[in-house]
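Undergrad: Feature list, courtesy of TrEMBL:
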type	residues	note
TRANSMEM	12-34	transmembrane segment
TRANSMEM	46-67	transmembrane segment
TRANSMEM	73-94	transmembrane segment
TRANSMEM	137-158	transmembrane segment
TRANSMEM	178-199	transmembrane segment
TRANSMEM	211-236	transmembrane segment
TRANSMEM	256-276	transmembrane segment
Amino acid sequence: SLSAGLDLPGRFLFATLTLMTLIAILVFIEEAAYIYRKIPSSKRSIIIWINAAAPVISTTSCIGMWIPRSTMFTDFTAGVFFAIVIHKFLMMMIKECGGQKLLLRRFENSRFTISTGPCCCCCLCLPRVPITRQTLFWLKVGTFQFAVFRPVLIFLSIVLWSNGNYVLFNLSPKEPALWINIFLGVLTLIALWAVAIVFRKVRTLLTCKNIIPKFALYQFIVILNHLQTTIIHMLATQRIIPCAPPLSSRARGSYIAQQLLIMEMFLITVISRVVYRRKYHDLEPLECTDEEDGDKKQTP
């Protein structure tokens, strides 16, 4: 542990970041208790999982900050957890529409726009896909595969790392890190694409459920936990982030990434408590909207 060699400002920083992590955990526990009391059981576990994403990432980053050798294992834990959260977010949007059957009835004559980010935002020529049970199944598979394969690939990375065959962010074609990261990147894009397709369709319907701020928080976690961390590690690998004895460039990059994540996830935890705790109007029953449509058609 590096903490024994820290000067006074360094110890103050570590203590402050640790306190922020503890506050984030306490805020989440209080929020989980509120959700358990107030939210219907069909949505309860999904919303708790999604709210847990930021405090879990903050906790793993804090452990990695205090115990640098645990970084591979803390990254593994955060990566596995967030892969599950991406699938849970898709399921939450379906649940907020009243479940799969009601969603299919509400959009029975509508279509999914698949020319959306992060995969196909430039492919405007792609056809719009009918909203059916089968298309919803494949969208669920798109996020579920990430929740299954990411833990397997990260576990493989740890096995290779423990054997000395895996160097993080070594982009040599002869090294397994490059191919594992490429495969993980493809799986990530597919999962994010599936969530974006469903969000684009239901965002107007779920405005009363404040789905846009919820989606924005989820997107921030994706960007900060994946893109920001990857960029910092790559800068450290190329020695653009200078070494500062006793820290090498890579160790310093790892510290910077972890400390930024702790602060960012603390803010997201607090904002999530506000967004998910608000009182929302329920969706209008489908029968009422059907009756209103019938009345409008009968009116000359």
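Glycine is treated like the rest: Cβ placed from N, Cα and C.
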Undergrad: Let me check one thing: do the transmembrane segment (256-276) and the transmembrane segment (73-94) come into contact, meaning three or more Cβ pairs under 8 Å with sequence separation of at least 6?
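TA: Between the transmembrane segment (256-276) and the transmembrane segment (73-94), contact is absent.
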Undergrad: Cβ under 8 Å, sequence separation of at least 6 from the ends of the transmembrane segment (12-34): give me the contacting residues as numbers and ranges.
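TA: Sequence-remote neighbours of the transmembrane segment (12-34) are 3, 6, 48, 51-52, 54-55, 58-59, 61-62, 65-66, 259, 262-263, 265-266, 269-270, 272-273, 276-277.
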Undergrad: Are there residues at least six beyond either end of the transmembrane segment (137-158) with Cβ under 8 Å to its Cβ atoms? List them, or say none.
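TA: Here the qualifying positions are 72-73, 75-76, 79-80, 83-84, 86-87, 89-91, 112, 166, 176-177, 180, 183-184, 187-188, 190-191, 193-195, 197-198.
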